[in-house]
Every structure is written in C-alpha cells, then in structure tokens.
Amino acid sequence: MMNEPTPKEIKETRLYAEWGLTDEEYHQIETILQREPNYTETGLFSVMWSEHCSYKNSKPVLKKFPTEGPQVLQGPGEGAGIVDIGDGLAVVFKAESHNHPSAVEPYEGAATGVGGIIRDIFSMGARPIALLDSLRFGELTDARTRYLFQEVVAGISGYGNCIGIPTVGGEIAFEPCYQGNPLVNAMCVGLIRHDEIQKGQAKGVGNSILYVGAKTGRDGIHGATFASEEFSEGEEQQRSAVQVGDPFMEKLLLEACLDLIKNHQDILIGIQDMGAAGLVSSSAEMASKAGSGLILELDKVPQRETQMSPYEMLLSESQERMLICVEKGAEQQVCELFQTYDLEAVAIGSVTDDGQYRVFHGGKIVADVPVDALAEEAPVYQKAYQEPERMRAFKKLAPFIPEITNSTELLKRLLQQPTIASKKSVYETYDSQVQTNTVVQPGSDAAVLRVRGTNKALAMTTDCNSRYLYLNPEIGGQIAVAEAARNIVASGAQPLAITDCLNYGSPDKPESFWELWTSADGIAAACRQLGTPVISGNVSLYNETDGQAIYPTPMIGMVGVIEDVSQITTQAFKQVDDLIYLIGETHADFNGSEIQKIQLGRIEGQLRSFDLKEEKANQELVLKAIQVGLVASAHDCAEGGVAVALAESAFANELGLQVTLPLKKEYLFAETQSRFILSVSPQHQEAFETLIGRKAQHIGKVTETGLVIHALDDVINCSTKEAKALWEDAIPCLMKQKA
C-alpha cells in the first residue's frame with residue numbers, strides 16, 4: 001500500500017481537485033467535519049458529491065418533472081420506480097446510462113451497464129422480465145464506430161442472454177455528434193406483487209450489514225467521477241475505471257436475493273445494489289434514507305486483490321455485489337441461504353443511531369463523517385444557462401422544402417439510412433424469447449410481454465429523436481415523450497409512466513445547460529398532458545469529446561398495460577384488401593427530418609410548435625378503436641414520414657399497398673407528429689369510421705405485393721421484396737466495409 005498523503009498535504013497540494021472537488025466544496029467539507037478530511041474521507045466526499053451520485057447540477061432540473069399519479073407506488077428515490085397494473089401486481093422499471101465506460105471498453109462497458117440496471121430491479125424485489133436498450137453511435141462509414149457498435153451489441157447480448165432475461169426492444173441512431181462519445185442506455189423491466197416490494201434502508205440499532213456476491217477488486221475505482229467529466233481522446237487509457245461483468249454470478253445473485261425477499265421478510269430490513277461509487281454509496285444511502293448511522297469493518301470485506309486500501313475498498317465498482325441489512329442474530333441464516341447459491345455473504349458492519357458513518361480498518365478508524373453529509377448534503381448548483389448561438393441563426397432560416405426528382409428512388413434511399421434501416425441484424429443476436437413471455441418480437445412499435453397468470457400484457461419502448469432536440473430542446477422533449485406514448489398506444493396499450501436517461505453535454509457551459517433546462521420543460525409538459533409521470537431515471541452529463549457536445553438526448557423509456565391480450569396490435573399489415581387509414585394531419589415538417597439530412601448533409605431550422613392536446617386526442621381515439629377490436633394493424637409515423645411508415649407496415653408479412661394521398665410528393669416524407677397508419681378489415685369499415693370520425697383519412701388498401709403510393713404530382717412504385725431487401729441489408733452492408 002502506498003503511503004497516504006496527510007490531511008495537510010491533501011490541502012496544500014490541492015489533491016482533492018484532481019478528484020473533482022472544487023475549493024469551495026473542500027472548504028464546505030472542512031466546515032462539516034470541523035477539521036481537515038483525511039485521505040479516505042476526501043475520497044468518499046469526492047465520489048458522493050460527484051454529479052453522477054449527487055445530481056448536484058441536475059437536481060433543479062429534475063424538480064420540474066411530475067412524479068406522482070394514482071398508479072404510482074414508488075417514484076424517484078429508490079432503486080427503481082413502481083407502477084400498479086392491477087390484480088395485486090406492479091411493474092418496476094428504470095433506465096441507466098453507461099456511456100463513458102462503453103467509449104473506452106465497449107464490450108464490458110455495455111455488459112456491466114446491463115448488469116447494473118438488472119440489480120436495481122431485483123433489489124426492489126421484482127423479477128426482471130425484459131431488457132431494452134437505446135444506443136447512439138457516430139457514422140457507420142467510420143471504422144472505429146463499426147467496432148464500437150459491434151462490441152456494444154455483443155456486450156448487451158452476451159450479458160442478457162447468459163443471465164436469461166430477454167432483450168426485447170430498443171432503438172439505435174447514428175449521428176456524427178456521437179463519434180467520440182457513444183451513448184449506451186439500458187432499461188430493465190420487472191414484475192412484482194404489491195406485498196413483496198422491498199426498500200433500500202438500513203435501520204434498527206445493532207442490526208447487521210451484510211456484503212453479498214462477488215469479491216472486491218480494484219476495478220472501476222472513481223468510475224462515478226470518471227462519468228462526471230468531459231471526455232478527451234487521451235482518456236481511452238482509463239480502462240481501470242471500467243468494470244468487468246460476470247452474468248452467471250449475477251444470475252445466482254438474482255435468485256438468491258429474490259429468495260431472501262420472498263421467503264424471509266421477517267428478517268430482511270433493506271437491500272441495495274452496489275453500483276456507482278460502490279460500497280460507500282450503497283451503505284451511506286441505505287443509512288441516510290433510514291436516518292441511521294453505520295459502522296463498517298473493512299477487514300471483513302471479501303477481497304480478490306491484496307493490500308487494498310480503505311479508499312480502494314470503499315470506492316471499488318466491482319460488479320455483482322449487493323448490500324443487505326438484516327435483523328441482528330439472523331446473519332448465519334442469511335449466509336447459509338446464500339451458500340446454497342454458491343455465494344458468499346459476510347457481515348461487515350452494523351446500524352447505529354448517531355447518524356455517523358464510521359469505517360474501521362486494521363483496528364483504526366479511517367473515516368468518521370456524518371452520513372447525511374455524504375448522501376444528502378452535497379451542494380446543489382443552479383447553473384447559468386443561455387440560448388445557444390445556433391438557435392438565433394435557425395430563426396432566420398426559411399423553412400426547408402426538399403426538391404424531389406424521383407420519389408421511388410428517394411424512398412429506397414431513405415430505407416437504407418442507418419437510423420431508419422432494419423435493426424434485425426442487431427436484435428437477432430439478442431435472445432428475445434427466453435422466459436417465453438414475449439408476444440411481440442423486436443421490430444414493431446413496442447415490445448409486448450404477457451403477464452403470466454393474468455389476461456394482461458405489458459408494452460414497452462424506448463424513444464428519442466435527438467435531431468429535433470438539437471433544433472428545439474423544448475419541442476423535441478415533448479416529441480420524445482409523445483412518440484414513446486404513440487408506440488405504446490399502437491401496440492394496444494394504455495401508457496402508464498416513464499423512466500428517462502438524460503444524456504447531455506457539460507453543465508458548466510451555459511449553452512449546454514440551457515438544452516437540459518428547456519428540454520426538461522418539454523418532457524414535463526408532455527408527461528402531464530399524456531398522464532405518464534416520471535418514476536425513475538438517470539442523468540449523464542459531460543458527454544463531450546474535445547469540447548464538442550453530443551446532441552441533447554433524453555432517452556424516454558415507457559411502459560404501458562394491455563388489459564386483454566386479444567387487444568395486442570402490431571405494425572404489420574395482416575390481410576389483402578384491408579383498408580388503410582391515416583390518422584392526423586400532414587404539414588410541411590421537414591426541418592430536422594431524415595430527408596433534410598440526406599439533401600443538405602446537416603439539419604437546421606426551426607420546429608413548428610407542437611399541439612399536445614391534438615396528440616392526446618389522436619392517441620385516445622386510436623387506443624379506443626384497438627380496444628373495441630376494429631384495428632388490424634397500427635404504426636406510428638416517424639422518421640421518413642408516411643412513405644416509410646407504409647413501407648414498414650408492408651414488410652413484415654411481405655404484402656403490398658395501393659395508396660392515394662391528396663398531397664404533393666414532398667409531403668410523403670414530412671415528419672409531422674401525432675400521426676398513425678392503421679389497417680382495418682372491410683367488415684369493420686363503418687364502425688371504424690363512425691368511431692374515429694373526421695380524424696381518419698381512408699387512403700387505400702393492402703394488396704398482395706408492390707408498394708404503390710400516388711401523390712398529386714408523382715407515384716412511388718417499387719416491389720415490396722426489393723424495398724425490404726434494401727431496408728434489411730443496409731446495416732450489414734455498411735458493417736462489411738473494410739477500414
């Protein structure tokens with residue numbers, strides 16, 4: 001072990017600054033302790049007060065979100081949020097980002113991101129039933145991007161498939177702004193009975209703190225601080241800040257923890273995942289939530305490396321570890337339970353009532369600080385914000401109108417854009433069927449899983465078009481929530497609530513912080529209008545490479561409930577001669593669109609204001625029509641407009657369509673919001689048109705083959721087979737390029 005600097009040396013050399021603490025924060029710690037903090041204590045404060053653990057820069061933003069509703073059983077503040085779905089059951093879900101680690105070590109970064117979010121779900125007492133992921137990369141023409149993409153996908157499928165939780169959905173987009181800073185956001189969904197909900201608390205004087213799972217190593221030390229800094233190309237050496245995951249160990253940990261929660265409620269007090277900032281974070285949070293204090297004895301912590309310092313043990317982010325609080329005297333029983341799963345459980349401390357966090361090592365006290373100072377009292381900053389220069393420039397631009405010579409060729413080109421193209425090559429590597437509950441496979445608007453023992457099903461999706469947020473963070477934020485809800489509704493489900501991963505640049509730059517601040521207003525407004533509170537989430541700031549920030553990317557994960565499995569709907573046209581309807585009006589919405597990107601090579605301009613009331617009305621009508629059994633298929637209109645939505649609806653069952661739209665050709669590719677493509681059996685035509693009224697435009701019918709779309713001044717005409725092949729092969733073709 002190295003000789004640790006003395007408190008005086010730490011202060012004089014400003015060592016704390018290397019760990020991310022400012023001078024003001026260091027002085028605040030001195031005031032709290034009434035002395036200079038020692039080496040270990042300085043380390044504890046530096047991670048617990050990092051943005052990643054304390055949300056010190058984003059708390060004022062998060063206050064904007066609605067977090068309550070009649071269906072919400074647990075909002076933000078625990079491992080994950082919980083929503084009631086009736087029948088004594090609830091759904092538990094949360095999303096997490098693992099962006100910085102995945103940029104450095106893409107396979108392990110993505111795999112441990114999946115592992116961490118799964119632990120958050122089962123620490124609540126829920127059985128994880130599904131994984132989704134939201135990924136962002138640079139352009140696939142770049143060799144390093146292809147490597148990152150391949151490894152991240154392999155890491156997600158490697159972990160998810162081994163632990164036996166199906167990866168059922170997600171979304172992937174490619175933009176130059178993610179070149180040096182990919183985004184890897186993972187979402188996990190679990191099921192729980194109301195009477196088995198578990199909280200992460202450590203209370204009751206003398207009760208024991210048990211450490212369970214994998215041994216502690218030196219991996220991931222300062223991972224939380226690493227995630228709270230900007231990225232520079234030189235940082236690819238920071239591999240020790242990336243952890244290595246073991247999905248087989250996690251599978252045992254999952255079963256053991258659920259066994260403990262289900263069958264030993266009498267002795268279990270609290271349970272929490274050791275995630276960011278490892279042991280210090282989980283133990284301090286558990287004590288702080290319960291208003292208790294703690295004593296930890298580090299000599300008892302299972303270690304897989306020799307001569308680890310207290311600092312290293314407390315900050316290690318080794319994977320597959322949980323912290324459990326149990327009744328005094330029950331330690332042996334818990335250890336034996338974990339032994340039956342081949343896992344180690346060790347008592348490493350106890351609960352006190354004095355509110356102090358005391359850590360012993362080698363018979364000496366190495367840290368003695370107030371619990372709340374670590375977990376609750378990090379400073380909160382109201383950052384300065386100002387509208388970016390580009391917004392003023394956008395206001396001066398005339399709206400972009402595409403020039404189209406051949407609509408058929410344009411549709412083919414759009415279908416091959418990586419953001420629109422089929423992601424089949426990705427989701428085929430995921431096991432989406434393990435557990436055998438998956439009813440709607442990846443590739444439709446939302447994934448759907450049935451809830452065993454009931455007639456219900458759950459729909460889930462992740463969504464965000466960051467181009468819209470780049471043009472207008474507030475409207476873009478509204479659209480992200482609205483599109484997620486549209487996907488849930490198109491699958492026949494009632495939207496319940498959201499989780500979010502807020503991926504942004506540095507909060508220290510007023511223009512970046514303005515993006516976070518204003519997009520939160522948009523997200524909050526849409527959540528209120530659509531009745532989907534924010535029940536959990538994660539903030540990932542400092543997503544910049546060499547000073548260039550990513551587009552603002554608030555990934556919205558949404559879950560909805562389908563009361564009766566007979567109402568499950570997919571985007572695929574079902575039968576020849578079914579009628580095709582367009583719900584919602586089409587306007588000249590080309591700014592931020594896929595066609596603008598193709599024709600200009602960039603996106604620019606303003607977004608038209610977005611009518612949330614109309615969005616809500618259209619969603620309610622479509623859901624009603626689905627629930628009364630009048631709809632054969634439903635698909636939301638998104639990137640690429642009506643033309644792409646129609647083509648996608650034809651692909652799954654390789655059918656065709658004959659459609660006539662009273663629009664000029666460019667409008668076939670407009671990305672106006674609040675629109676759906678529905679197909680309806682001719683026998684339901686009258687009932688459907690009576691129910692939907694003027695909102696529905698009957699535009700054509702499903703045919704055996706061929707995509708034929710008539711605009712006022714052009715016709716799209718191509719074979720379904722050819723178009724589908726272009727759409728399916730686009731990403732595999734790009735991946736085969738040589739560097």
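Even glycines carry a Cβ here, placed using N, Cα and C.
Listed in Swiss-Prot:
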ACT_SITE  H52  active site
BINDING   Y55, K94, D500, G537  ATP binding site
BINDING   E96, N538  Mg(2+) 1 binding site
BINDING   S97, H98, N99, H100, R119, Q243, E317, S318, Q319, S540  substrate binding site
ACT_SITE  H98  active site, proton acceptor
BINDING   D120, D273  Mg(2+) 2 binding site
> Should Y55 (ATP binding site) be counted as helix, strand, or coil on the basis of DSSP?
Replying inline: coil
> Closest of the recorded positions to S97 (substrate binding site), Cα to Cα, picking from H52, Y55, D500, G537, N538?
Replying inline: N538
> Apart from Y55, K94, D500, G537, which residues in this chain have a Cβ no more than 8 Å from the mean position of the Cβ atoms of those residues at the ATP site?
Replying inline: L62, P76, A95, T499, C501, L502, V534, S536, N538, V539
> Which number gives the other C-beta atoms within 10 angstroms of the C-beta of D120 (Mg(2+) 2 binding site), all protein chains shown included?
Replying inline: 26
>> Here's one to test understanding: among the recorded positions H52, D500, G537, whose C-alpha is closest in space to the C-alpha of Q319 (substrate binding site)?
In response: H52
> Compared by Cα position, which of the binding-site residues Y55, E96, D273, D500, G537 is the closest one to E317 (substrate binding site)?
Replying inline: D273
> Do you see any of the recorded positions H52, D273, N538 whose C-alpha is within 10 Å of K94 (ATP binding site), and which ones?
Replying inline: N538
>> Let me make sure I understand the span of the ATP site: among Y55, K94, D500, G537, what is the greatest distance between any two Cα atoms, in Å?
In response: 17
>> Return only the integer: C-alpha distance in Å from Y55 (ATP binding site) to D120 (Mg(2+) 2 binding site).
In response: 18
